[in-house]
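Following: one structure in structure tokens, then a few remarks.
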Amino acid sequence: MYRLDSTMARGEGAEQYAASLLSVKPKNTDIKTAKPNDQRNRLSVWNKLCYAIGGAPYQITGSALGFFLQIYLLDVAQLDPFHASIILFVGRAWDAVTDPTVGFLVSRSRWTRIGRMMPWILFSTPFAVLTYFLIWYVPPFEQGKVVWYLIFYCLFQSMQTCFHVPYSALTMFISNDQKERDSATAYRMMVEVLGTVLGTAIQGQIVGGDTSCPTEPGEHDSRNSTNTSIVSLNETKRAYLISSGVICIIYIFCATVLFLGVKEKKESGRKVSQLTFCQGLWLVMGYGPYIKLVIGFLFTSLAFMLLEGNFALFITYALGHRKDYQNILLVIMLSGTVTIPFWQWFLTRFGKKKAVYFGITWAVPFMILIVCIKSNLTISYLVSLAAGVSVAAAFLLPWSMLPDVVDDFKVKNPDIHGHEALFYSYYVFFIKFASGLSLGVSTLSLKFAGYVTGSCSQPEAVSLTLKVLVSPVPVGLIAVGLLILWTYPIDEERRQGNRKLLQEILDSESETSVLGSSV
């Protein structure tokens, strides 16, 4: 549930927001640059808002895919669960591979009249929109359906990566002033959070009104029931196309606003060494605190990804709330959204490791409760409302702790510069690859349980499997992840010490720069 993208489903984007919360503020006020230069680096509210709006497409499409793609492939496209599992796994694994690859290519892009990042964003948008729309189209043939969805799902992930990786890097090129970048990032995070809610709301509310099971079994004779189901299935297909069309229009609008409202500034500063792909991987994977953080959050993120990917099916078939699942999902996202300021306050007041343990374990009792009690719509809403509080923490906190690892790395390796993005890109790589594996395995589990494609009811074994996938398995993954995070060495004392050391380095470089320019 995002990162909140998708993911929340995938969680990307929040790293810049977390960095803004923890940014180092220069303490030396004696050294000031020329006032005209300060004015030139300042961003207007309009510039910041335009920049923030550019982050919405990633979150909107991510939340829609995260919550609805599995149930769409099984019940609307009516694919065999085995084939659906292949599409989900390969698509996510491909998405994981494209992140560091596109990042590597973007870092070697040349400057153009419209910038260095902006051409990637501009030219990927129409292809991303087209491929996203075709994901939600059911082709009029049966034999090639699997290939159809596999191709367009992978193509969309590639185009989306070509949009989002340069967009994330664009933060460093909208201004030379750190305060202005931090302020723009805060705008971005709020828009992205609204994007996750918007994606869930658009897809859920448009699609939720149509169902291929309008009546309970036995209310009509079999002939009328079959005809009604066929008509309702066609209406559901149309509803998915309408919702995807609305999202595509929003995607184009956001990309246009970003292009027209943000001017990319040509970078200047010290040169960085050009590392090969393997050298960068070795540099990152050899750092102990980073490994412990990534593996710990890998398990906790998988827990929430399993919950996200199977929750719509769980609500529909295990709890029997077929007509309310879209509203329950919306409650979770809204609950997570409104509690983000609370977690921001909590981690600054009590520390990040305490926030991790308190925030993630908060969901465990509700995961257990929802599968133990008898199905009740009111209780389902209350449990979802409470669980959403933990969802916000689970996907915000990893991105707030990654900057601490980067700072720690800088202190331990002061001669290595300009490779901060590697820590983010490889974290995203592992999380996305693992999420694809978890979605593929969970969908395959439904096949072994006897899932019947297109049926309005499922065998008891399917209901039991869904309960296992949204409760015992996530709880076990959370327990393992928290045990690993217990060994994470960067506590509040070490984090504050690193910030002081980095501040001294920053002040020293500023003094050297001013003295050099005066000479």
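Any Cβ shown, glycine's included, is placed from N, Cα and C.
As recorded in TrEMBL, the features of this protein are as follows:
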TRANSMEM  49-74  transmembrane segment
TRANSMEM  86-106  transmembrane segment
TRANSMEM  118-138  transmembrane segment
TRANSMEM  150-174  transmembrane segment
TRANSMEM  239-262  transmembrane segment
TRANSMEM  293-319  transmembrane segment
TRANSMEM  325-343  transmembrane segment
TRANSMEM  355-373  transmembrane segment
TRANSMEM  379-402  transmembrane segment
TRANSMEM  423-449  transmembrane segment
TRANSMEM  469-490  transmembrane segment
For the transmembrane segment (469-490), sequence-distant contacts whose Cβ falls under 8 Å of one of its Cβ atoms, 6 or more beyond its ends: 288-289, 292-293, 295-304, 306-307, 310-311, 314, 353, 356-357, 360-361, 363-364, 367-368, 370-371, 401, 404-405, 408, 442, 445, 498
Closest-packing stretch to the transmembrane segment (49-74), where packing means Cβ pairs under 8 Å, from 86-106, 239-262, 293-319, 355-373, 423-449: 239-262
The transmembrane segment (379-402) in contact with the transmembrane segment (239-262), cutoff 8 A, at least 3 CB pairs, sep 6+: no
Contact check, the transmembrane segment (355-373) vs the transmembrane segment (239-262), 3+ Cβ pairs under 8 Å, seq sep 6+: no
Sequence-remote partners of the transmembrane segment (118-138) [C-beta within less than 8 Å, at least six residues beyond its ends]: 54, 57, 61, 65, 69, 72, 76-77, 106, 109, 112, 145, 148-149, 152-153, 155-156, 159-160, 162-163, 165-167, 170, 237, 240-241, 243-245, 247-248, 251-252, 255, 258-259, 262, 264
Recorded stretch, among 150-174, 239-262, 293-319, 325-343, 423-449, maximising Cβ pairs under 8 Å relative to the transmembrane segment (86-106): 423-449
Cβ-based contact of the transmembrane segment (293-319) with the transmembrane segment (423-449), 3 or more pairs under 8 Å: yes
Contact set, same chain, for the transmembrane segment (239-262): CB under 8 Å, 6 or more residues outside the stretch: 46-47, 49-51, 53-54, 56-57, 60-61, 64, 72, 76, 114, 118, 121-122, 125-126, 128-129, 132-133, 135-137, 163, 167, 170, 174, 198-199, 202-203, 206-207, 209-210
